[in-house]
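Chemist: My questions all concern the structure below.
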Amino acid sequence: MALPKRIIKETERLVAEPVPGIQAVPHDDNLRYFDVSIHGPTQSPYEGGVFKLELFLPEDYPMTPPKIRFLTKIYHPNIDRLGRICLDVLKANWSPALQIRTILLSIQALLGAPNPDDPLANDVAQRWKEDEPGAIATAREWTQTHAAP
Amino acid sequence: MATYEDDHNLPASSTSLKPVPRRPRPDLSNFFSSLSLDSTAPSASTDPSETGAQSSAFTSLARAWQQSIEGNEVLESLIEQLIEEAQGGTAAKGVSQEFLDGLERIPKKELVEADICPICNTSFLLDQYPLVVRLPCHKSHAFDLECISPWLKLHTTCPLDRIDLTKKKTPPPPPVDEEEEDWDDNYG
């Protein structure tokens, strides 16, 4: 099946002008499947970590959003233990004017600004609200244990 | 009117009646023939050749199971797709064909090389006969008609500012995201 021009252009640009701290490499045998790595933002509990994600462009992309999941374990109120991400632009607020790079930037921003009021991982979110320093310490520990580059 | 599949270089009918590749059905004939071998051999429980026959029978059973599990994956994806389609049918629909037809057209002479469609990210002028429309929300919100049509058939919002283009007439309820309520609280 021919790959839509848009996907080819997006991929070319991702390789030619990569977003700082973000890598997205398509699989040779499936150009809709990307191995992604995102560096934890500085001044966040994820600083120093490199997080692996998988990204898949469904057949009707860009009319439907890419499917993205963290593969690296991460302690974050909006990411559950299966790596699923609670982010509006990946669901109801998706728009075909968004792109792989804008979505990955949103995810990087989510690491820098956890939102415990819109949780996917309830227990993490609860801890984040009740004991923020403790939760941040755990997030930092997990980063060192699971996301060491 | 080009279909969505045309617009995206997809094979026809890929979204409706997706032909699922047919997997070979698990073949149990080998297994049963080796079983009958076993039952016709009386007092052969110590016979090493019988053990061999049994083990090969179990191997073929295992292979058959493997095949049927692969078949289930196909079945699962089919079920998933049907559910998605069923839900899509009840979700808020997009704009009418009249709305699409009534969108303001931008003549080619008003376009410059730098104007790109935000959906396909390609300059409008790469097309010798560009068919470009402007959404009513903002004068700079221009799209290839063939790019914006599939979106607006399913949604009523502008991809750039999410303004509901039908709001003046009948405001549809905001999309409710129910997925988040089904999250798994065994986390951690």
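Don't overthink the numbers, they just go from 1 along the chain as shown.
Placed from the backbone N, Cα and C atoms, the Cβ positions cover glycine too.
TrEMBL labels come from automatic prediction, so no person has curated them.
Checked TrEMBL, it gives:
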COMPBIAS  B:27-39  compositional bias 'Low complexity'
COMPBIAS  B:40-55  compositional bias 'Polar residues'
COMPBIAS  B:176-188  compositional bias 'Acidic residues'
DOMAIN    B:117-162  domain 'RING-type'
REGION    B:1-55  region 'Disordered'
REGION    B:164-188  region 'Disordered'
Chemist: When secondary structure is assigned with DSSP, how many helix, strand and coil residues does the domain 'RING-type' (B:117-162) contain?
Modeler: 11 helix, 8 strand, 27 coil
Chemist: On the 0 to 100 pLDDT scale, where does the domain 'RING-type' (B:117-162) sit on average?
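Modeler: Computed over the domain 'RING-type' (B:117-162), the mean pLDDT is 92 on the 0 to 100 scale.
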